[in-house]
Amino acid sequence: MVKICCIGAGYVGGPTMAVIALKCPSVEVVVVDISVPRINAWNSDHLPIYEPGLDEVVQQCRGRNLFFSTNVEKHVSEADIIFVSVNTPTKTRGLGAGKAADLTYWESAARMIADVAKSDKIVVEKSTVPVKTAEAIEKILTHNSKGINYQILSNPEFLAEGTAIQDLLNPDRVLIGGRETPDGQKAIKALKDVYAQWVPEERIITTNLWSAELSKLAANAFLAQRISSVNAMSALCEATGADVSEVSYAIGKDSRIGPKFLNASVGFGGSCFQKDILNLVYICECNGLSEVACYWKQVIKVNDYQKSRFVNRVVSSMFNTVSGKKIAIFGFAFKKDTGDTRETPAIDVCKGLLGDKASLSIYDPQVTEDQIQRDLSMGKFDWDHPIHLQPVSPTSIKQVSVVWDPYQAARDAHGLCILTEWDEFKRLDYEKIYESMRKPAFVFDGRNVVDAEKLRELGFIVYSIGKPLDPWLKDMPALA
């Protein structure tokens, strides 16, 4: 029986291993993590992450060929294939601070593997890592090998949160990079045989190590670039009276462009896009490619601009001050169908409004009050370190309340900001909401989920990203 061990029980490791266990009943899969609360959650009825379809997969396999354990060294020692899915946060200090990936957790995982291994191992990079990480890991393992043979593979994940289980069950492609040596090719085949139990062979791509590592960064950079492109157009649409939805639809009909990732919004979020582009920028700079680095940096600049533009629009519309005013925030996760708040645009929008002394009432169907308070009190990039290494949250921010009912969030509010495109926000009783709010009542739709005309008929003043401006807003231009 092939034994697989995954180090790291997070958003990537947990779902990926659950699907491998489901599709490969003859393979024993163990997910290990040093966090006792996290492993306890994986072994309970309340999994530590929300992902549609994940509960069913875990319930089907757990205890059969899928196990979650804190006994890291035992399972690493017994495994044939070890997936490493640990955090690779952006460095906050030292060389490359603010751009380069911090490989501390990766390196300690590699050293632990070298310490406990008693037989040959295939070590698989599952975390997003900078190009040439595999080479560094290889050096650590071979210099501490004690006669054991290690093969390093790069197998980047291409999951989208909210659809991760479907992405794993029916992937566009599975990418496996390895050495072009006989042993390297043998290791590639061993991993390919696992995926081939449910993924058609033509979708399993094999490359050299560096191509696989760079492909992951490039894919995320291209997707983020599309979002920043349409968001840049949204600003121009507002200035000229064009409608960004119509523009997106028109250009998306071009088969060379296609319709995906062309929805204008308050900005992109998630754990990968910004981190991977910063990483790409750093690699370009290290290789003397400053023009290429500047090109990719602009994608993040436009994203930051879109968030600050949104905050400016809120403040300027409400008589140039939100001081002491209650603002309802609908949605805090970075997108619908996930509880993940990493790099969510809601953090910067909320911080911007708090900076102007607003009082916020936040509702999100999947994000806890503790998580929201942590996010609003943490420094940039702190979120990507394991929880026990994150700064202890200071006392909760007084101007922020978190509620479990959208109608309660909106009661007595001057304005309402929609920051996540949860489907339920389309179905709310906005007449009831309007009656409960202070007047004039504003809706700032950062995801273009509501019917602006219907809301205007109810009496709302509505701002939708990239749409022709409400007459009220034309008289009060947002300061960029």
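Cβ coordinates come from backbone N, Cα and C, glycine included.
Keep in mind that TrEMBL annotations are predicted by a computer and have not been checked by a curator.
Keep in mind that this is a model prediction, so the values were computed, not measured.
Residues or ranges marked as active site, nucleophile in TrEMBL: C272. Sequence annotations record features per position, and here TrEMBL assigns NAD(+) binding site to 8-13, D33, R38, 86-90, 127-128, E161, 272-275, R342. Marked as domain 'UDP-glucose/GDP-mannose dehydrogenase C-terminal' by TrEMBL: 328-452.
Look at the Cβ of each of the binding-site residues N87, T90, Q274 and count the other Cβ atoms within 10 Å; the largest number goes with Q274. When the neighbouring Cβ atoms lying within 10 Å are counted for each of the recorded positions (E161, C272), the highest count belongs to C272. Spacing of the residue listed as 'active site, nucleophile' relative to T90 (NAD(+) binding site) is 10 Å (Cα to Cα, whole number). Long-range neighbours of D33 (NAD(+) binding site) (same chain, six or more residues apart, CB within less than 8 Å of its CB): I7, G8, A9, G10, G13, I39, F68, T70, V72.
Neighbour density at the Cβ, taken as the number of other Cβ atoms within 10 Å, is lowest among the binding-site residues G8, Y11 for Y11. Mean pLDDT across the domain 'UDP-glucose/GDP-mannose dehydrogenase C-terminal' (328-452) comes to 90 in this model. Helix, strand and coil residue tallies for the domain 'UDP-glucose/GDP-mannose dehydrogenase C-terminal' (328-452), in that order: 43 helix, 19 strand, 63 coil [DSSP].
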